[in-house]
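Read the structure below first, then the notes.
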Amino acid sequence: MIAADGLRADKFYEPDADGEYRAPFLRSIIRERGRWGVSHARPPTESRPGHVAIIAGFYEDPSAVTKGWKANPVEFDSVFNRSSHTISFGSPDIVPIFCGALPHSTWNTYPHEFEDFATDASFLDEWSFDQFQSLINKSNNDPNLKKLLQRDGLVIFLHLLGCDSNGHAHRPFSSIYLNNVKVVDRIAENMYNLLEDYFKDNRTAYIFTADHGMSDKGSHGDGHPSNTDTPLVAWGAGVRFPKPGSSSSHGDEGHRFVDEHLHDTPTPHDWGLYGLERVDVNQADIAPLMSTLLALPCPANSVGTLPLDYISLAEAEEVEAVVANTKQILNQFIRKSQIKQSNSLHFRPFEPLAHYSSILDQIDDLISSKDYKAALKLSENLRDLALEGLNYFQTYDWFMLMAVITLGYIGWMVHLVLHVLQSYTSHKNSLSNKRSGDKITESGRLMVYVCGCFLMVAASTILFLEHSPPLYHVYTAMTIFLWTRIFGEYLFIRELWMDLVHRDCKFIFKILATCVVAIVVLEFLVHSFTERRLYTWCFLITGVLASSYLFHLNKRRYLVAIYVWIACSFLSIFTLMPAEIPDNTSLVVASGAMAILVGVAARWLDFHHEADRYWNCITNHDMEARIPMLFQLQVFLVGLASAMVWLSTSHRTKNRELLPLHQMINWSVAGVSLILPLFSPNGLLSRLTSIFLGFAPTFLLLSIGYEAAFYSSLGLVLMAWILFENSLIYMSKPALSAGPRKAVDHKASLDQKLRHLELFDVRIPLVFLVLFNVAFFGTGNFASIASFEISSVYRFITVFSPFLMAAMLIFKLFIPFMLVICAFSAITKLIRLPRLGCYFLVILFSDVMTIHFFFLVKTTGSWMEIGNSISHFGIVSAQVVFVLLLFALTNIFTKDIQIRPDGSSARKAV
């Protein structure tokens, strides 16, 4: 087996610009000696799960990512395990997974340092072949090795990483990647000639395929056809010869694949194979194909179905092979059924297979009577039912889990609402005083807790008797705990209801209107996950409405209204751009200049409008910078980062290497710039300007295209948000100072600096969520694994290091988030809101989105739809944790921001 890691089907089969095909040897095999088709991979289209599907026949749980996809969280059976001996050479990330703990194996890998994205990685493929060739040459002088190679059931596996590395570094349209396809074809030819000359018995079968493809921007992971469609060529002993066929006729007609739709796309005319039958398979089908060619049992956990169109067998042998494949899958179903039955207090069997033994008897009778067609048909039907049965037991507890988790989410949201009302609103004092010292209240709460504990013990006992996984206990216990807490606050809920009943209709209408607006905004955010262009309309409309409102509020400040409109319009452009970011070094450099201009403008505003009452709150110079000429130093670092973007990229492109000097400068600039904002003045505008310039060098060095300009655009919109809130404060000050003393005292009752949350304050967390999600989707679709552009890190490191590279990519993703959170923190200080109370509202709104995505998760349909639905749910679920971590991180930069009160300040008014 030869696996060309990262090889796209279209780049393998299509001709080049001169009309010449890139894989002449394998094309000759397709036309003269073998079978061909497309192997359809299942997301996540990564190297480890792809190879597990090919070699072991099942689609590995993504939990293997917790082991870095380098070790096996659970040991599994594979074709290699079943073989008499396995010989393998290739990547240190793949070969040890299957051979590291396999006693009957001979293998070797190259060092990780060889995986340098700054070079042409096709030499890695040559290394793998050279290692095997050396082994063959060595066997001529080693009788034991020669005897080993002469065994039946021998598996030889070459893992060729070149296409994957070159695709990441240079994109699949580059000459380097396309030339690597020729290298792979040449290795396949050399491998074939070497083995045929060595064995001279025509008893070797060959399979050529790939674990996944490669997107146009040099990434993979999601369910796009460029990632899931990989070539498959088989020839040699036991493999059928080519069969004529039309472009619209496949050997897979009528067969449903793992993504629940028929792959009946006609073969592209430019592939030049329209006269030969194409047989597509699921990636997991390759494992039973290899096992059958070796006359070995299928791997125990395989769910692949044997593709008969690839194997040259007599009719009776075909039936025997399919029956063996069917029994192997059926045994998995039987075992799952037995386990579930032994653990369930009320077992619900899979009815279609309640009498599977009688079906097996029918198949045996048909084979005995030599009615092979009927036996084959019945075996395939039984195999399909067994696969359905496996899925049935995989989702056996679906309804119970859905109900428990839904109640848990609702309980969590209700608990959050009660907590915010009790801790951060005026209800804290007005309602808590009414129930203080009430013994009946305490006894009632105690009774609720006792009932909750009894219910939790009962549920845990039932789950324990059914041998349910630990997570089931956690889900159930958390749901019961939350609702116990909610019912424990029954007196507060009753008083809240009575307070609401005695309010006038106008207040009720305000609450309902606020809820409707919040739901509309949250539904907009939910739909933006699948259609990011919605943000374009959002910011175009918001820019017009906000600027019109500001102009109506204060016509003298018309420049502020114009700025808000321009900033929103500029940001709206980015969500119209392609998610696949094209390389544009000149634009990155220009974006550095743009960031400097934004910083200079903010600096000028900070120092020339201090006397203006409108700017008084955000221009505060009580503390000077702790480092002399800090602003000039930050501007210099942004300029230096822009220059290094140009130098590092041009040198790496021309010489295919990253100079150690460039690498050292880039790391130094990024590291120093991130800590400089800590030494800036503590005025709102001064600190935010310093934070903007502090993150800019790192973001520029990690940028490859228009996302660098997005950074400055986002900064402009965040400033527009601050100016909008400042305008509301400015226009409310006369009313505040002239208002009754009681109203002012009410505002200051929570703290000398903070006020209570009010209904209109809901706008702050809603705007924050919109901007936070724009940071997600402004420069691509980060709901997809493949949206992470690995070439972004090439100015810091080119030698393959998955964890360091992933950490840098995630940090790049976090930088816009940190800008948004810093602005959010500054605004809560500006308008005297409790930041923690606003954060709880952010959690509440995020959970509303999460429960919506929870019901949108799909288990059927195409794997692109399934993968996207799961990733959307995961992103929104993780968003709460991300926000909490980023709040803690950005608090280092924003905790000492000081807001100067107005001349006739609230403090004087109080």
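Glycine is no exception: its Cβ is also placed from the backbone N, Cα and C atoms.
TrEMBL labels come from automatic prediction, so no person has curated them.
According to TrEMBL, the domain 'GPI ethanolamine phosphate transferase 1 C-terminal' annotation covers 388-862. Residues belonging to the domain 'GPI ethanolamine phosphate transferase 1 C-terminal' (388-862) score a mean pLDDT of 84 in the model.
Per TrEMBL, the feature transmembrane segment maps to 398-425 (among others).
Residues or ranges marked as transmembrane segment by TrEMBL: 471-487 (among others).
Residues annotated as transmembrane segment in TrEMBL: 507-528 (among others).
Sequence-distant contacts of the transmembrane segment (534-551), counting only residues of its own chain at least 6 positions beyond either end whose CB sits under 8 Å from a CB of the stretch, comprise 524, 527-528, 557-558, 560-562, 564-569, 571-573, 575-576, 717, 720, 724, 727, 770, 773-774, 777-778. TrEMBL lists 534-551 (among others) with the feature transmembrane segment.
Among residues of the same chain six or more beyond the transmembrane segment (558-579), those with a C-beta under 8 A of the stretch's C-beta atoms are 532-540, 542-544, 546-548, 550-551, 706, 709-710, 713-714, 716-717, 719-720, 723-724, 727, 774, 777-781, 784, 787. Taken from TrEMBL, the feature transmembrane segment covers 558-579 (among others).
Among the features that TrEMBL reports, transmembrane segment is placed at 627-647 (among others). Taking Cβ pairs closer than 8 Å, the transmembrane segment (627-647) reaches residues 585, 588-589, 591-593, 595-596, 599-600, 603, 662, 665-666, 669-670, 672-673, 676, 679-680, 689-690, 693-694, 696-698, 700-701, 703, 795 in its own chain, all 6 or more past its ends.
Beyond the ends of the transmembrane segment (659-679), by six or more residues, the same chain brings 625-627, 630, 633-634, 637-638, 640-641, 644, 647-648, 651, 687, 690-691, 693-698, 701, 795-797, 892-893 to within a C-beta distance below 8 angstroms of the stretch. Per TrEMBL, the feature transmembrane segment maps to 659-679 (among others).
Sequence-distant contacts of the transmembrane segment (708-724) (same chain, six or more residues past either end, CB-CB distance under 8 Å): 539, 546, 550, 560, 563-564, 566-568, 570-571, 573-574, 587-588, 590-592, 594-595, 598, 602, 618, 684, 688, 692, 695-696, 699-700, 767, 771, 774-775, 778-779, 815-816, 819-820, 823, 826-827, 830. Residues or ranges marked as transmembrane segment in TrEMBL: 708-724 (among others).
TrEMBL lists 762-783 (among others) with the feature transmembrane segment.
Panel annotation: around the transmembrane segment (803-824), residues 68, 688, 691-692, 695, 698-699, 702-703, 710-711, 714-715, 718-719, 721-722, 764, 768, 771-772, 775, 778, 782, 788-790, 792-793, 796-797, 838, 882-883, 886-887, 889-890, 893-894 of the same chain, lying at least six beyond its termini, place a Cβ under 8 Å from a Cβ of the stretch. The transmembrane segment annotation in TrEMBL covers 803-824 (among others).
Outside the transmembrane segment (836-857) by six or more residues, the chain places 405-406, 409-410, 412-413, 416-417, 419-420, 423-424, 518-519, 522-523, 525-526, 529, 757, 761-762, 764-766, 768-769, 824, 828, 869-870, 872-873, 876-877, 879-880, 883-884, 887 with a CB less than 8 A from a CB of the stretch. The transmembrane segment annotation in TrEMBL covers 836-857 (among others).
Per TrEMBL, the feature transmembrane segment maps to 869-890 (among others). For the transmembrane segment (869-890), the residues of the chain that approach it from at least six positions outside its boundaries are 529-530, 772, 776, 782-785, 814, 817-818, 821-822, 825, 835, 839, 842-843, 846-847, 849-850, 853-854, 856-858, judged by C-beta separation under 8 angstroms.
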